[in-house]
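Asker: Next up is a structure, given as structure tokens.
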Amino acid sequence: MELAVLLALLGAARAFSTCRSLDLEAARRKRIEAVRGQILSKLRLSAPPPPAETPPRPLPEDVRALYNSTRELLRQRARLRPPDDPDEYYAKELHRFPMEQLGEGPLEHWRPTSHSIFFIFNASRVRAEIGRQALLHRAELRMLRQRAKNENGKIEQRLELYQGYGNASWRYLHGRSVRVTMDEEWLWFDVTDVVHQWLGSSEPLGMFKLSVHCPCEQSAGDANDMRVIIEGFEQQRGDMQGIAKKHRRVPYVLAMSLPPDRANELHSSRRRRALDTDYCFGTEEKNCCVRPLYIDFRKDLQWKWIHEPKGYMANFCMGPCPYIWSADTQYTKVLALYNQHNPGASAAPCCVPQTLEPLPIVYYVGRKARVEQLSNMVVRACKCS
């Protein structure tokens with residue numbers, strides 16, 4: 001009797017559980033077979049090379065040096081690569097911060113010069129709207145280049161953007177060439193790092209400067225005057241200033257951030273992953289993540305023709321992705337229509353590789369050793385897509 005009750009309770013618990021056990025062994029077998037096909041396909045082989053009649057000789061020093069230098073180059077590139085952003089998949093909240101009106105009150109001395117214009121922003125407002133530094137995803141400084149009056153692509157100027165500090169010093173950020181044409185053009189610069197600094201400081205204002213590049217070999221003069229006209233800096237007559245302020249499109253910072261409630265959930269997930277060196281373990285996992293998988297060429301593929309390496313961390317992606325549409329929502333008709341037109345596609349997001357790295361190998365063709373680099377063989381990060 002007691003055993004029957006326990007079995008009934010266990011069945012009820014499983015019925016209410018939302019955690020599904022992952023079939024890791026099946027996923028592992030699929031990944032191993034996929035790697036087998038990848039390597040043969042990338043080498044344009046229909047089958048593994050036949051075994052050599054005589055055992056392969058030790059690798060020549062030049063071949064080993066080439067292989068080792070290739071591995072080191074890939075490690076350096078991986079260290080320099082920007083970190084993968086797991087928040088890329090999720091929706092962002094947009095914020096628009098227009099430039100402060102120049103030439104009034106304490107901003108009077110930031111009037112444009114013949115070769116530079118200045119952008120002043122209310123950093124206190126940025127902190128009030130976005131909040132913590134961790135919530136910021138991206139920020140861009142956007143401005144409208146006005147159409148030229150009498151020049152159509154004849155002039156091209158190199159513009160340089162600088163970040164201003166309270167001690168009147170400037171730090172170079174970006175540079176780009178802009179052609180003066182008869183059409184309007186929106187220009188933009190990535191200022192994510194700068195806005196990130198604003199969020200962590202207490203300065204009331206944030207400043208940028210846009211200047212014409214001045215080559216050292218040129219003397220000062222009209223050649224260094226800014227011919228690119230940015231809307232929002234033009235001077236109007238006294239009776240026209242009110243109308244101009246109302247209709248002109250002033251430069252602004254467009255910031256994208258995660259809402260605090262959504263960011264808290266993602267932050268806890270990222271913190272857990274960091275403890276596991278970007279891998280996830282166990283048979284149950286709430287989110288899409290990287291599963292570790294080492295493939296031994298001899299043991300898993302029964303291959304002896306690859307001389308180096310003996311195996312590698314191939315890894316694979318696995319785990320559910322957040323999904324907001326369910327069968328009891330008003331989107332069921334949309335999903336039905338989607339499935340009708342895309343019968344082989346999934347309407348739900350899938351856990352797929354986000355970052356892939358190459359794998360260098362050494363193998364013999366006859367008696368000649370060859371070094372090849374196979375692209376997209378190592379899974380380093382996963383995402384929902």
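The count begins at 1 with the first shown residue.
Placement of Cβ uses the backbone N, Cα and C atoms for every residue, glycine included.
Just so you know, TrEMBL annotations are computer predictions that nobody has curated.
Owing to the predicted nature of the structure, the values given are computational and were not obtained by experimental measurement.
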Asker: Pick from Cys289, Cys317: which one does TrEMBL say forms the disulfide with Cys280?
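Answerer: Candidates were Cys289, Cys317; TrEMBL matches Cys280 with Cys289.
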Asker: Do you know which of Cys214, Cys216, Cys382, Cys384 TrEMBL records in a disulfide with Cys321?
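Answerer: Partner cysteine, according to TrEMBL: Cys384.
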Asker: Do you know which of Cys216, Cys317 TrEMBL records in a disulfide with Cys382?
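Answerer: Recorded partner, per TrEMBL: Cys317.
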Asker: Considering the disulfide-bonded residues Cys288, Cys351, Cys382, which residue's Cβ sits among the greatest number of other Cβ atoms within 10 Å?
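Answerer: When each Cβ's neighbours within 10 Å are tallied, Cys382 tops the list.
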Asker: Roughly how many Å separate the Cα of Cys351 (disulfide bond) from that of Cys280 (disulfide bond), to the nearest whole number?
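Answerer: Their Cα atoms are separated by 13 Å.
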Asker: Round to the nearest Å and give the CA-to-CA distance linking Cys384 (disulfide bond) with Cys288 (disulfide bond).
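Answerer: Distance between the two Cα atoms comes out at 7 Å.
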Asker: Identify, among the disulfide-bonded residues Cys280, Cys289, Cys317, Cys321, Cys384, the residue whose Cβ has the fewest other Cβ atoms within 10 Å in this structure.
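Answerer: With the disulfide-bonded residues Cys280, Cys289, Cys317, Cys321, Cys384, fewest surrounding Cβ atoms within 10 Å: Cys321.
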Asker: Give me the Cα-Cα distance between Cys382 (disulfide bond) and Cys288 (disulfide bond), rounded to a whole Å.
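Answerer: Taking the Cα atoms only, Cys382 (disulfide bond) lies 7 Å from Cys288 (disulfide bond).
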